[in-house]
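A.B. asks: Sharing a structure with you now.
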């Protein structure tokens, strides 16, 4: 007698169990995201000394605080905020995001804030430190200048606020001429009228004849570009020193 294969369908109870497991996993992920957000907010509101003391206490006991009930921590945090509101000025709202292991508080910026201050705060990686606000109409502070107005030198480092201008290219009106070489005169060979003219050369022959001329023209452009770059040698020297100090 041959064995008979019997197809067993999943019961409603197994499907309900699978759904409950999926709901539990999604709930854990949701609570984990809330916990991560709250931990980031707490780290943003603490000083580096508090964070160091907390890490030392965890390392000494070998236990970490329980995170099974995030709603209790939210309630405690709400009570602390209410206490701050009653006892002193309330802390301003924060919106801290973490991008590539660096955090920045976006609540301190408005919609019209340029991108550069936001990037500068992100590079600083200190969400608790706020950028100094400056009204759009207020003028920029004057730059410290010396006799030439190009740089300031103190005892520790060298702060450069303005690069020196390039050297003069020559007589007045020769600025463009310093970048563009003088044209190379064509080489013409006159033939007597009584001699018969040569037949028209092929394209390969013309390319071969003009190859040397093209090489000379390209070399003249390279020399003119090099001479023009020498006018900025002082600026390049300052930039090189700034790069080497990093």
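Just so you know, the numbers here start at 1 and follow the chain as drawn.
Even glycines carry a Cβ here, placed using N, Cα and C.
Heads up, here are the entries from Swiss-Prot:
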| type | residues | note |
| --- | --- | --- |
| COMPBIAS | 39-55 | compositional bias 'Basic and acidic residues' |
| CROSSLNK | 5 | SUMO2 cross-link |
| CROSSLNK | 7 | SUMO2 cross-link |
| MOD_RES | 1 | N-acetylmethionine |
| MOD_RES | 135 | phosphoserine |
| MOD_RES | 138 | phosphoserine |
| MOD_RES | 167 | phosphothreonine |
| MOD_RES | 182 | phosphoserine |
| MOD_RES | 202 | phosphoserine |
| REGION | 39-90 | region 'Disordered' |
| REGION | 129-208 | region 'Disordered' |
A.B. asks: Within its own chain, what residues at least 6 apart in sequence put their Cβ under 8 Å from the Cβ of the residue listed as 'phosphothreonine', listed in sequence order?
C.D. replies: 230, 231
A.B. asks: For residue 202 (phosphoserine) and residue 182 (phosphoserine), what Cα-Cα distance in Å is obtained after rounding to a whole number?
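C.D. replies: Taking the Cα atoms only, residue 202 (phosphoserine) lies 30 Å from residue 182 (phosphoserine).
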A.B. asks: Sorted by position, what residues of the same chain at least six away from residue 182 (phosphoserine) have a C-beta under 8 A from it?
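C.D. replies: Those within reach of residue 182 (phosphoserine), by Cβ under 8 Å and sequence separation of 6 or more, are 220.
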A.B. asks: Can you tell me the three-state DSSP label for residue 202 (phosphoserine)?
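C.D. replies: Once the DSSP labels are grouped into three classes, residue 202 (phosphoserine) ends up as coil.
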